[in-house]
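Chemist: According to TrEMBL, the active site, proton acceptor annotation covers Asp155. Per TrEMBL, the feature S-methyl-5'-thioadenosine binding site maps to Gln31, Asp106, Asp137, Gly138, Pro162. Annotated spermidine binding site per TrEMBL: His62, Asp86, Asp155, Ser156, Thr157, Glu158, in sequence order. Annotation source TrEMBL lists domain 'PABS' at 2-235.
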Amino acid sequence: MELWYTEKQTEQFGITAKIKETLVREQTDFQDLAIIDTNEWGRMLVLDGMVMTTVRDEFVYHEMVAHPALFTHPNPKHVLIVGGGDGGVVREVLKHPKVEKAVLVDIDGKVIEYSKKFLPEIAGELDNPRVQVIVNDGYMHIHDHKNTYDVIMVDSTEPVGPAVELFSRGFYQGIYESLKEDGIFVAQTDNPWFKADLIRTVNRDVREIFPIVRVYGANIPTYPSGLWTFTLGSKTYDPLQVDESAIPEIETKYYTPRLHKAAFVLPKFVEDLIK
Ligand code: SAM
């Protein structure tokens, strides 16, 4: 019998993949967690019916969360990742020798545990000595750590369940206070086809708090609509003022120094959302 997984992106539309094997299916304290193996995308982490990452295309998202901010900040020693329990962003952050410590705060220890077991290509650096893993609510963590981080990355689930508060104005204000005086933050901000209102609202809230706000995009085939956005807020440094010729080449599959500024050039309908 053929089994297919479908992520409903709206009540009328979804994307689907044929399941080779279901490796995990568990209701954790916070969400419905599944790890599915597929022929097309390899292993997939699925939370509450939404694809979080797949072995084949994970590099796009994880590189694009980490590198634009880290190559904008001149001295990113202390980095916080909120969410990100699969370890993909941590792996990319550690490619920056200036990073002395990366703190990962995910609310769900089961995501970390199963990612280490079933997604080693993604989670392989979670035990690196430069990484501190904390199982806690990211909202609480930033409110308890003022003036601490150079860069904060929000690698959260979509705004359902425990991640709802991670898209609130209060959270962005907390991030501002948790950053040092020249800090930068970046958050995944979903897609402009089905979540236009979310991008608009986040942009408005972040603009009220950070003096420099930039939105950039990336193509992620297994995420709803394939076109993903990221919102970057900065106290001092502008990613568009970076000298691309000074960005060192690191091992990546999507991000390049040429792409650093190009990623901020948005299609007109996305530009219109954030005017
Ligand atoms: N890349 C994915 C996407 O955009 O679909 C998200 C990756 S997934 C690893 C996001 C993580 O955020 C999950 O492991 C989840 O447990 C975590 N998370 C959700 N709400 C959270 C909260 N309030 N504090 C910390 N982590 C949270």
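In case you wondered, yes, glycine gets a Cβ from its N, Cα and C as well.
Whatever TrEMBL says is automated annotation, not expert-curated.
Situate these features within the shown structure.
Modeler: Counting only same-chain residues six or more apart in sequence, the Cβ atoms lying under 8 angstroms from the Cβ of Asp155 (active site, proton acceptor) belong to Val65, Ile81, Val82, Gly83, Gly84, Gly88, Val89, Gln188.
In the shown protein chains, 20 other C-beta atoms lie within 10 A of the C-beta of Pro162 (S-methyl-5'-thioadenosine binding site). Pro162 (S-methyl-5'-thioadenosine binding site) falls within a helix when secondary structure is assigned with DSSP.
The Cβ of Asp86 (spermidine binding site) has Leu45, Met52, Thr53, Glu58, Val111, Ser115, Leu119, Ile122, Ala123 as same-chain neighbours under 8 Å, each 6 or more residues away in sequence. Following the DSSP three-state reduction, the secondary structure of Asp86 (spermidine binding site) is coil.
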Chemist: Of Asp106, Asp137, Glu158, the binding-site residues given in the record, which has the fewest other CB atoms within 10 A of its CB?
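Modeler: Comparing Cβ neighbours within 10 Å for the binding-site residues Asp106, Asp137, Glu158, Asp137 has the fewest.
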Chemist: With the spermidine site defined by the record as His62, Asp86, Asp155, Ser156, Thr157, Glu158, how many Å span the farthest pair of C-alpha atoms?
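Modeler: Max span of the spermidine binding residues, Cα based, is 16 Å.
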Chemist: Non-local Cβ contacts of Thr157 (spermidine binding site) (under 8 Å, 6 or more apart, same chain)?
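Modeler: Within the chain, Thr157 (spermidine binding site) has Cβ neighbours under 8 Å at Gln31, Leu47, Asp48, Met50, Met52, Gly83, Ala163.
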Chemist: Out of His62, Ser156, Glu158, the binding-site residues in the record, which is closest to Asp137 (S-methyl-5'-thioadenosine binding site) when you go by Cα distance?
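Modeler: Its closest listed neighbour, by Cα, is Ser156.
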Chemist: For ligand 1, list the recorded positions among His62, Asp86, Asp155, Ser156 whose CB atom is within a distance below 6 Å of it, in sequence order.
Modeler: Asp86, Asp155, Ser156
